[in-house]
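According to TrEMBL, the feature region 'Disordered' maps to 411-433. According to TrEMBL, the feature compositional bias 'Pro residues' maps to 414-429. Feature annotation from TrEMBL assigns domain 'Peptidase S8/S53' to 482-734. The active site, charge relay system annotation in TrEMBL covers ASP488, HIS521, SER700.
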Amino acid sequence: MLHQHQATSRLIKRAASELAAGHHRVLAATVSASAQQGVVDGQVIVKFKPTAGPAAFAGKRLITLIYDPSAGAAIAAAGESQLSWSVIGPNADQSVCARDSSPAAAESDVAAQQASSSSSGVQAIVIRGISESQIAIIQQSGDVEVVIPELSVQVPDGMAPATMDLMSISAARRCANAPEINSGVAAKSVPMASLGWPTALAACSTGTYAVFVAQRCGNNFNLLEYKAIYAVNTATKQVKKVKGRECSLFPQQLDKAKWFGSCGVAPRAVSDMPTMFCNSFPNCAGGIIARTPPAGAAVAAESAAAPAAADAASSTEAAAAAAAAADPTRFTARVTLKRPLKCGDGSTTTLVLTGSACGPNRAFVQWTRAQAPGCSFVRDNSRTGFKSTLALLGSCGAGPAVSDKIVPSDVCPGEPPKPPKPSPKPPTNPISGWAPLARMPVAAGEDVPRGVAMVEAVTDGGACAGAKCVDDLSDAAPSRRLIVAVADSGVDETHPDLSYVGGTSWLDAGEDQPGIDGFGHGTHVAGIIGAKNTGKGVVGVSPGIGIYSLKILDSYGNGVLSDAMRAIKWVIAEGPSKGIKVINFSLAGHVDPSKPYYQPMVDLFCGVCKEASDAGITIVAAAGNDNRNIAEYIPAVCPTVMTVTALDQDGARGASWSNYADASNAAAKAHTFAGPGTAIVSTVPRSIMDAGYLELGGTSMASPHVAGIAANCIMSGRCNGTGADAMAKIQEAAQSRLNMVKGPDGTPWVTYTPTPVAGGKYYGYLVWSQF
């Protein structure tokens, strides 16, 4: 069995030296290193009886029971927060305010959610802002099967003490990325009345929280300066308006040092605000026409443009490209919007952006105009237009937040180098009716992390022409190729060692970019699954496999159970068309078995997981890091989920901090697996660590090893049915490997055995990448 190589040790030492030297960028020092566990106040999940029909219709009927039209109208007029609800279905943007649930609004409201709900599978909604008296009312409804509290889920804490972890880094992190600074950094701890609103805007302080908008500054453009404060409605997540006026404040109106700070200096009143820009890899690729400006060239001035003619989108794009070609300081990019934008008499989901070079050394892009058939938007830096301008066009060196992907913001001439072609694959070797994937040499210069070696995803030569071999995914039949979804804190779409193919987010504005990972955890998980085999960085279990980001955790690694359920529902509905067949959940929510809602909560979530398994989707989840029974954790408790514990650094025994299954519970043991979870090097955003790689530990790291193996098993044809089928085949492989020997002396291949330890703790068989 392979062990950690010297090259990997160099990566660890580099990361450690950067950490000691302060070369990581930091944000939000107020966050606790240990996420708070438990239920979410004022928020419940309602599961309907099978006879209630689709959740969209049952939810409408239910909300009308507790809807007070007069109270709703009063709350709406005041702009304050109130009860809202949404279907736990595949749609990622479906929240509805209760005041819109009056009978007059019924048709349009139900139609909006209808697409996300069907009469099959678990039917449920989540309600926010609900009171105890309202809960008592809905519990009496004949449509309702059970009402349970919303559960907090998060990245498991309690990682191995000898391992650097993201919790300690993020606790001191003080940087923000482009979508955050343009849509606003939320500061919910700020007492809104203390901001000193003008008399006419006094109502701005009720039912709202503060959002601070920043721009890049400094000689290297790596610092932030705050330019405006907005009052955002807690229910609608939109900037509140009072008598038609936007609730906004600017430095000229307040004590600037107290509320806005200066370049690189946080406001005195909110000292934990980010003061640095999260730099990552230059994001100039993806359609931008970039040219290096000639020495001394002037920045082209932008003037207001007349509405564009209602021609085809391609004509609009061609015109913008032609204008850019005439001026070497200008750039164009075509972006897809997260939501339709009103445009003339209709709407659009795409914009063509035109911009100019800006910033220090003119190394950045300032988008100055957005065009679509029938309309044109130009920069408006007045007080009334500032926020909408940032949303649509961003600021210098920080692309807009309305796009579904990161918008280019750097001047980067030339094309990025193409990765080398993989070595020729050897012929396949059919075994018992299925063919393991062919092997290819590990590229020269590639580092092999200890976990990838431990599960034998990388082996010594013999199966390929190189000294070490890894699966060649191009050997998989086209019909079997797939995508792995990472349900986590996002995945850095700019990381060169990952094959990012897209993403969907269930978070609010400012955190809703699936291709941005403000915490770093999801990117680390993704690298374990599928880091490329290109001769740079590390290699994953399934090298180069497509990664799809399901963003359900925020930049502190926290989320809620209902969003995890929505993500699974989304994959059931949309996954087949995208090729998603495996989901990794490196997260956990603790639920106390003594609570009356324990079994209903477990049944609800596990019911959705079974739907996914029956649909051919394999779900893999971390067991948790609290040295407790997996029966106390969701998703780990679910019988159709492959629950992964962690082994110690030598792979000889279960890690002392890892959760475990009850050795006397046969059902729990059947879906429990062991994986490498100590001292695992993988990818992280360069906003977290300049090297782009970091060593972490925990069951969060063990789980993606199994997810990568599941993907390889499906692509080989060995796992070809339900998620339960994949679980059985991988369990069978792990058991068979335990009984194998290396040679005539009888030395076993695997030193770890799943014999229960003291206290009846069972960690499962160590997985084997046989496929």
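Cβ atoms here come from the backbone N, Cα and C positions, even for glycine.
Here the features listed in TrEMBL are painted onto the structure.
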{"residue": "ASP488", "record": "active site, charge relay system", "Cβ neighbours (10 Å)": "31"}
{"residue": "HIS521", "record": "active site, charge relay system", "Cβ neighbours (10 Å)": "33"}
{"residue": "SER700", "record": "active site, charge relay system", "Cβ neighbours (10 Å)": "35"}
For SER700 (active site, charge relay system) and HIS521 (active site, charge relay system), what Cα-Cα distance in Å is obtained after rounding to a whole number?
9
For HIS521 (active site, charge relay system) and ASP488 (active site, charge relay system), what Cα-Cα distance in Å is obtained after rounding to a whole number?
7
